[in-house]
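Visitor: Pasting a structure here, questions to come.
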Amino acid sequence: MDICRLCLRGVSGAQMCLQIFDVDSGESKVAEVLRQHFWFEVLPNDEISKVICNVCWTQVSEFHQFYVSIQEAQVIYATTSKFKQDPEMVNTSWPEEVLMPADVLAVDNDVGAQINVNPLDELDLSQPMSPEDSKVGIKTERQSPDMELLFEDANNEQDEDYEDDEDDDTDDLIVTRSGRKRKRDVAKPAKTKRGTVSVGRKGKEKMVVKRGPPKRIFKMERLPPFCKEDEELIKRYIVMGCELCIFLAEDFDGIREHFKDKHPDERPYIKCCGRKLNKRCLIQEHARRHENPEYIKCKDCGKVFANSSVLRAHWLVHHVPDEECDFQCEDCGKRFSRRNLLELHKGSHVPVNERKFICPQCPKHNAFATEYHMQVHISMQHRKAANICHVCGKKIKDKAVFEKHVRLHFEESGPRIKCPRPDCESWLKDEDNLKQHLRRHNDEGKLFICSECGKSCKNSRALIGHKRYSHSNVIYTCEQCGKTFKKDISLKEHMAQHTGEPLYKCPFCPRTFNSNANMHSHKKKMHPVEWDIWRKTKTGSSQKVLPSAQVAQMFRDDADVAAIANDYSG
């Protein structure tokens with residue numbers, strides 16, 4: 001399993017990672033960004049790791065873009081010409097305009113805007129900017145890690161941090177980074193795309209941005225310091241033990257001291273539920289999830305996540321309103337909240353026959369629009385070995401799904417759950433299947449139209465299946481007769497006709513089948529009562545997939561029976 005070079009966490013199957021260095025040239029823009037902002041250097045032959053997880057890279061990329069925008073603003077300020085103040089505009093009030101603090105101001109390259117700050121607070125401009133760094137200007141939000149999740153108005157937060165002096169009705173105060181307060185210069189504004197540039201008393205320009213409608217931001221409220229309740233909660237659910245040796249500590253401070261003494265080359269951590277926890281706040285968050293499994297839950301869709309970082313990434317992708325998404329696709333008009341999400345989406349518009357990046361590990365030779373898309377595919381599909389069920393031989397990559405699958409072979413699942421909708425007669429295996437089933441009903445009434453043929457589908461999953469089956473160029477060819485199929489399972493069932501080995505067995509009688517559809521038809525026709533009872537009450541699977549060893553044993557048993565019959569007949 002790969003680990004992220006920054007957070008040193010294992011990269012799970014559901015989490016994407018990015019190669020820091022190019023495989024061929026050994027060069028990387030990612031490494032340059034990391035070298036600029038971190039105290040350690042990542043080398044092409046790094047012994048720890050050569051990949052960075054998508055969560056870490058998203059945060060680093062956003063900060064780097066913010067850093068570049070501030071650097072550009074300071075360069076503009078240092079090179080601006082001097083203007084004179086218009087005395088008629090000194091006492092003019094602007095009720096709908098607010099001078100934004102520098103740490104939340106976004107500067108675009110095409111806007112000639114200057115920020116009015118104290119020269120003593122200027123950044124060090126001795127470092128040259130790379131051409132790539134000067135291309136991006138993006139808004140950022142501050143994130144406080146490991147907190148309770150809630151949504152608040154971004155402007156409320158700004159009003160608390162930057163309060164106006166109530167005793168002064170005419171002059172506004174600006175708080176500089178050094179903590180000093182000074183009056184704001186007001187002058188005749190000049191219109192720009194993003195706002196208004198006002199000329200101050202000393203001829204310096206400053207950016208005045210009109211406050212738009214309040215935006216919902218993903219905010220995490222800071223939790224109080226560790227208390228006895230948190231310590232008791234952690235002791236109740238988490239064992240403070242060293243995974244590298246036999247050692248138990250009272251708390252995480254004891255683990256830190258132990259690692260410092262016995263494992264100085266390792267970063268202190270504990271392990272619980274298969275996850276490495278290397279910070280006290282992560283341990284606290286994990287303990288709260290033991291106490292309340294829905295502690296980290298999306299308030300928009302109800303989906304539950306393992307940690308707050310993944311929840312934040314989910315919210316940015318799925319729940320940011322379109323009017324608050326600043327990056328729009330030129331081909332389809334879809335909007336995104338982050339530039340990297342837009343770049344990831346653009347690959348979907350590249351025709352399949354023009355995709356030049358071929359996965360070297362795929363037997364299907366899947367093609368991708370960019371190298372980044374291919375690396376994401378490799379990270380999710382090929383870097384983690386699939387789990388193979390020792391009972392039926394099924395391959396399952398997700399660990400939780402695999403463990404649930406194995407348990408069903410030896411344990412009886414709960415009773416079937418009926419869909420709560422009055423117009424649906426479906427019975428589902430468990431709560432997870434019910435949640436997935438309810439998404440197919442499309443209560444919102446959205447239209448899912450195929451862009452290729454105009455067919456209307458009930459939900460997004462049906463649309464994806466339609467495109468994959470009807471408009472995909474991927475085919476599966478039988479090596480013995482040359483017949484082609486659209487689905488992998490269709491080829492597998494076809495090959496059973498060549499080999500003579502059955503794939504399925506009826507759960508109600510000894511009959512076997514090569515096709516799942518034939519077995520399903522057999523159950524409804526020959527066992528209607530058993531089938532109806534199973535749909536509503538019976539536990540377990542509605543079919544039996546035969547492993548190859550069991551099939552071979554069946555053929556040996558048939559051969560033995562035939563031999564005995566021949567002996568008696570002779």
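All residue numbers here begin at 1 and follow the chain in the order shown.
Cβ atoms are placed via backbone N, Cα and C, with glycine included.
Heads up, here are the entries from Swiss-Prot:
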DOMAIN    2-80  domain 'ZAD'
REGION    120-206  region 'Disordered'
COMPBIAS  132-145  compositional bias 'Basic and acidic residues'
COMPBIAS  149-172  compositional bias 'Acidic residues'
COMPBIAS  178-194  compositional bias 'Basic residues'
ZN_FING   240-263  zinc finger
ZN_FING   296-318  zinc finger
ZN_FING   327-349  zinc finger
MOTIF     383-399  motif 'Bipartite nuclear localization signal 1'
ZN_FING   387-409  zinc finger
ZN_FING   417-441  zinc finger
ZN_FING   448-471  zinc finger
ZN_FING   476-498  zinc finger
ZN_FING   504-527  zinc finger
MOTIF     523-539  motif 'Bipartite nuclear localization signal 2'
Visitor: When DSSP states are grouped into helix, strand and coil, how many residues of the zinc finger (327-349) land in each?
Guide: 11 helix, 4 strand, 8 coil
Visitor: Tally of helix, strand and coil residues over the zinc finger (476-498) according to DSSP?
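Guide: The composition, in the requested order, is 11 helix, 4 strand, 8 coil.
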Visitor: Suppose you look only at the zinc finger (240-263); what would the mean pLDDT be?
Guide: 89
Visitor: Restricting to the same chain and to residues at least six past its boundaries, which positions have a Cβ under 8 Å from a Cβ of the zinc finger (417-441)?
Guide: 458-459, 461-462, 535-536
Visitor: Going by DSSP assignments with H, G and I as helix and E and B as strand, what are the residue counts for the motif 'Bipartite nuclear localization signal 1' (383-399)?
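Guide: Output for the motif 'Bipartite nuclear localization signal 1' (383-399) reads 1 helix, 4 strand, 12 coil.
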Visitor: Could you give me three numbers for the zinc finger (504-527), the DSSP helix, strand and coil residue counts?
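Guide: Going by DSSP assignments, the zinc finger (504-527) contains 11 helix, 4 strand, 9 coil.
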Visitor: On the DSSP side of things, how many residues of the zinc finger (448-471) fall into helix, strand and coil, could you say?
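Guide: With helix first, then strand, then coil, the zinc finger (448-471) has 11 helix, 4 strand, 9 coil.
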